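Take a look at the structure set out below.
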Amino acid sequence: MAQEEAKDTKPSTSEKPNPSTETQMATSSASLSVPAPSWFTPKRLLVIFCVINLINYVDRGAIASNGVNGSRRTCTKSGTCTSGSGIQGDFNLNNFEDGVLSSAFMVGLLLASPIFASLAKSFNPFRLIGVGLSVWTVAVIGCGCSFDFWSITICRMLVGFGEASFISLAAPFIDDNAPVAQKTAWLAIFYMCIPTGYAVGYVYGGLVGGHFNWRWAFWGEAILMFPFVVLGYVIKPLQLKGFAPAESQKALTSVETAVSEDQEIAAGKDSTSSDKEELDDKSSKQSCISRYASNSSNQVSRFMKDMKALLVEKVYVVNVLGYIAYNFVIGAYSYWGPKAGYNIYNMTNADMIFGGITIICGIFGTLAGGFVLDRISSTIPNAFKLLSVATFLGAIFCFAAFCFKSMYAFLAFFAIGELLVFATQGPVNYVCLHCVKPSLRPLSMAMSTVAIHLFGDVPSSPLVGILQDSINNWRETALILTSILFLAAAIWFIGIFIRSVDRFNEESAHQTVLTDGVNTTPLLEGESKTAGTTTSAEP
């Protein structure tokens, strides 16, 4: 069929095809020749991405556990000194420096997320994930080999830089390949790894640091991630909805280059041989410079245009604002929660207790949120309803928990509160992915990540530390922090009344030749329906 179509569209020898026709033919041919990856299935993709996400957050939990269990060197007036423990003890860090370590990786994450989202339009997104994981692995090894505060801080920044590619691009891949009736549930399974990873990281960091050395915790993470780094380069790259395959872009570039060269040769036919060589050399240099400047200008212009499209989308802005307030609380909970529990309720193994609660509530809460939204119909207004109600009720239980003097009453109410609060993970990311057109999803996820960290958990840990230093009462500090969840619920409640449109398939009716290759190339062997067209992958 493809060969017959090619014959029909082939121009006769008597007429010369114009450049645009050659471009379309080459691009269509390249798009049709893109092989369908045979190893991946949607479920395999989900499992692999979940494991990678879990390892990312194990790393965050491990650094937080070290903050709880580590202690600074102390000296008595008589001159007797203790060596301290953990990173804080080895590098003699004060509480502020120790708090900086928990947020240092955010610097790289915030800077790199928009970069990787923009590069996804020029390079294969799946390969970009492999590049990011490579940087992450090398940086984690560097953390284990660090020798002072600045060396480990720089390595933590590079960890964030490497994680940025995965955070920006993984969710769109999952959303593309999830069954239509289970999209939120699949997203919930993926984001379930956030609380689970944090909790496992608490336990992992405490056990490894207590029995061996904190450096081994980082080296162990690198060993776990290495197979997925290799996988990112070896497996045939997947395509993302709304993006052209790399082969199509290369074909387009080669055709444009050939046409450009033909035009230059035609223009120089009447020139002398020496003049032509000089002209070709000069024009070649100017062409390279102008192409580079044009590409850079186009990248910046495209990024600004996409950013404007995000910022004028009211649904997206309201969703992210609520997510910022939510993440401000969750970020501070993850770092200071065990220390607050230890000081308020004299918990002997605060990191283990908080880790256990977070694992159980994180798993069941996140999964419940996704399945409930799918059950009541996955729409943006329904997502906002679930976000506001779950957060409001969770805030009530968490606030009440810190009012109890009994540790057992606290644990019961706080567990219910976390169960409700974690139900937001699937719906909030569903809104981020479906309120924008497919080609904006990586940037949507990247800027959401930037915003919730830059204005959420990055400042929350130091600010809560300053608040605690000021009032010197962990119960009051915890109550003030928890009250911000009510603000998040109120913001998401506003989103219910904003006119919203699910734009997941918006580009399907307006695909260019370039993006056609993405929508007609199935992920799996067999039959796959994409954008209303049935195609069969060759074995």
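The backbone N, Cα and C atoms fix where each Cβ goes, and this holds for glycine too.
All TrEMBL annotations are machine predictions without curation.
Database features (TrEMBL):
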type     : residues : note
COMPBIAS : 1-10     : compositional bias 'Basic and acidic residues'
REGION   : 1-29     : region 'Disordered'
COMPBIAS : 11-29    : compositional bias 'Polar residues'
DOMAIN   : 45-501   : domain 'Major facilitator superfamily (MFS) profile'
TRANSMEM : 100-119  : transmembrane segment
TRANSMEM : 126-150  : transmembrane segment
TRANSMEM : 186-204  : transmembrane segment
TRANSMEM : 216-235  : transmembrane segment
REGION   : 263-285  : region 'Disordered'
COMPBIAS : 272-284  : compositional bias 'Basic and acidic residues'
TRANSMEM : 315-336  : transmembrane segment
TRANSMEM : 352-372  : transmembrane segment
TRANSMEM : 384-402  : transmembrane segment
TRANSMEM : 408-428  : transmembrane segment
TRANSMEM : 478-498  : transmembrane segment
REGION   : 520-539  : region 'Disordered'
COMPBIAS : 530-539  : compositional bias 'Polar residues'
Stretch with greatest number of CB pairs under 8 Å, the transmembrane segment (352-372) reference, 186-204, 216-235, 384-402 candidates: 186-204
PLDDT averaged over the residues of the domain 'Major facilitator superfamily (MFS) profile' (45-501): 80
Beyond the flanks of the transmembrane segment (186-204) by at least 6 residues, Cβ under 8 Å: 46, 49-50, 53-65, 68, 170-171, 174-175, 178-179, 217, 220, 334, 338, 351-352, 354-359, 361-363, 365-367, 369-371, 418, 422, 425-426, 429-430, 433
